[in-house]
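Undergrad: One structure, pasted below without further comment.
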Amino acid sequence: MVTMAVAGVSGRMGRMLVDRIDATEGATLAAVLERPGHDWIDADLGTALGGRPRGLVVGSDTDAALDAAEVLVDFTAPAATVAFAQAAARLGRGHVIGTTGFAPGDIEAIDAAAAAGATIVRAGNMSLGVNLLARVVEQVARALGEGFDIEIVEAHHRHKVDAPSGTALMLGEAAARGRGVSLDAVADRGRDGMTGARRPGAIGFAAIRGGDIVGEHEVMFAGEGETIALSHRATDRGLFARGAVRAALWAADRPAGHYDMMDVLGLN
Ligand SMILES: NC(=O)C1=CN([C@@H]2O[C@H](COP(=O)(O)OP(=O)(O)OC[C@H]3O[C@@H](n4cnc5c(N)ncnc54)[C@H](O)[C@@H]3O)[C@@H](O)[C@H]2O)C=CC1
Ligand SMILES: O=C(O)C1=N[C@H](C(=O)O)C[C@H](O)C1
């Protein structure tokens, strides 16, 4: 049995993760975390969720949660995630990171935590479909070359706080890899006003926010006289929770390191 902790348990993904862990053979929920000062702190998780008490109290003490659990599943916010990774390194635990919106320095800190003893699985999208799509995007980008302009369009619900989405960046990285360039060197992350003509070789990003859209991504290869569009649409957030719990089961008996969902799915 793999013991798991969920960070950000009151959030959209946190609630999904509780249901998913409860439904997964071989996984058990051992601890739940929220940010200090949150209404749910010290409440019974079952009661906070509007049901019966279940004898699991929502806390904000990361070390106590990691004493109880082998793997922390974390869909929260960048600063919180960096601190969780450092705690996972200190205590030699698994850490599944779904959080997006990182600054470059955050990724370096997560790399350092993996080097210092945490088993980290991090992915901007935990679904099989998007990870397969990334593979296909890399191959198509390699095959087509710069005669086709790459544009990535994503749409999400009105509450999302980061753009481009983690998935869009992951797909952009895949396209850049296919072209043999660094995404940082070619990304065009927002156009407004007199932008001038499109920069040759740019990988463009556009973000739509509205309503309750779970997550939609399209990678467009626009050429002369033809356009190829590769897309993915998530219709149920439970999809991401399924992937995350699969990653947590996978991480439980892996050596420390920084892995991604391709490793979990055997696509690397
Ligand atoms: N990789 C993937 O497949 C997916 C990633 N995400 C990402 O997951 C993150 C969370 O998304 P949602 O659940 O929609 O957001 P949300 O805002 O509903 O939930 C985030 C939760 O984290 C909690 N939190 C913040 N700081 C904390 C701390 N220091 N300790 C403990 N809890 C803390 C908040 O109080 C909140 O309950 C976002 O970055 C989102 O982009 C979301 C869906 C899928
Ligand atoms: O915030 C979300 O909701 C999602 N975030 C991830 C992202 O940034 O790509 C994954 C998914 O698209 C939903």
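Just so you know, glycine gets a Cβ as well, placed from its N, Cα and C.
Just lifted these from TrEMBL, have a look:
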type	residues	note
DOMAIN	4-126	domain 'Dihydrodipicolinate reductase N-terminal'
BINDING	G8, V9, S10, G11, R12, M13, E34, G98, T99, T100, A123, G124, N125, M126	NAD(+) binding site
BINDING	R35	NADP(+) binding site
DOMAIN	129-265	domain 'Dihydrodipicolinate reductase C-terminal'
ACT_SITE	H156	active site, proton donor/acceptor
BINDING	H157, G166, T167	(S)-2,3,4,5-tetrahydrodipicolinate binding site
ACT_SITE	K160	active site, proton donor
Undergrad: If the criterion is a C-beta within less than 6 angstroms of any ligand 1 atom, which of the recorded positions G8, S10, R35, H156, H157, T167 pass it? List them in sequence order.
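TA: Among G8, S10, R35, H156, H157, T167, near ligand 1: G8, S10, R35.
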Undergrad: R12, R35, N125, K160, G166, T167: which of these recorded positions put a Cβ within less than 6 Å of any ligand 2 atom?
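TA: The qualifying recorded positions are N125, K160, G166, T167.
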Undergrad: Taking the Cα of G166 ((S)-2,3,4,5-tetrahydrodipicolinate binding site) as the centre, which of the recorded positions listed as T99, N125, H156 lie within 10 Å of it?
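TA: Hits: T99, N125.
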Undergrad: Of the recorded positions T99, N125, H156, T167, which one has its Cα closest to the Cα of R35 (NADP(+) binding site)?
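TA: Ranked by Cα distance from R35 (NADP(+) binding site), first place goes to T99.
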Undergrad: Starting from the Cβ centroid of H157, G166, T167, which together make up the recorded (S)-2,3,4,5-tetrahydrodipicolinate site, report each further residue of the same chain whose Cβ lies within 8 Å of that point, ordered by sequence.
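TA: Checked against the 8 Å cutoff, the neighbours are T100, G124, N125, E154, H156, K160, D162, S165, A168, G215, H217.
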Undergrad: Under 8 Å between C-beta atoms and at least six apart in sequence, can you list the same-chain neighbours of H156 (active site, proton donor/acceptor), or say none if there are none?
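TA: Listed in sequence order: S165, A207, I208, R209, I213, V214, G215, E216.
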Undergrad: How long is the line from the C-alpha of S10 (NAD(+) binding site) to the C-alpha of the residue listed as 'active site, proton donor', rounded to the nearest angstrom?
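TA: The residue listed as 'active site, proton donor' has its Cα 16 Å from the Cα of S10 (NAD(+) binding site).
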Undergrad: How does the domain 'Dihydrodipicolinate reductase N-terminal' (4-126) divide up by DSSP, counting helix, then strand, then coil residues?
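TA: Result for the domain 'Dihydrodipicolinate reductase N-terminal' (4-126), in helix, strand, coil order: 49 helix, 27 strand, 47 coil.
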Undergrad: Is H156 (active site, proton donor/acceptor) helix, strand or coil when read with DSSP?
TA: strand
Undergrad: Could you measure between A123 (NAD(+) binding site) and T167 ((S)-2,3,4,5-tetrahydrodipicolinate binding site) for me? Cα positions, answer in whole angstrom.
TA: 8
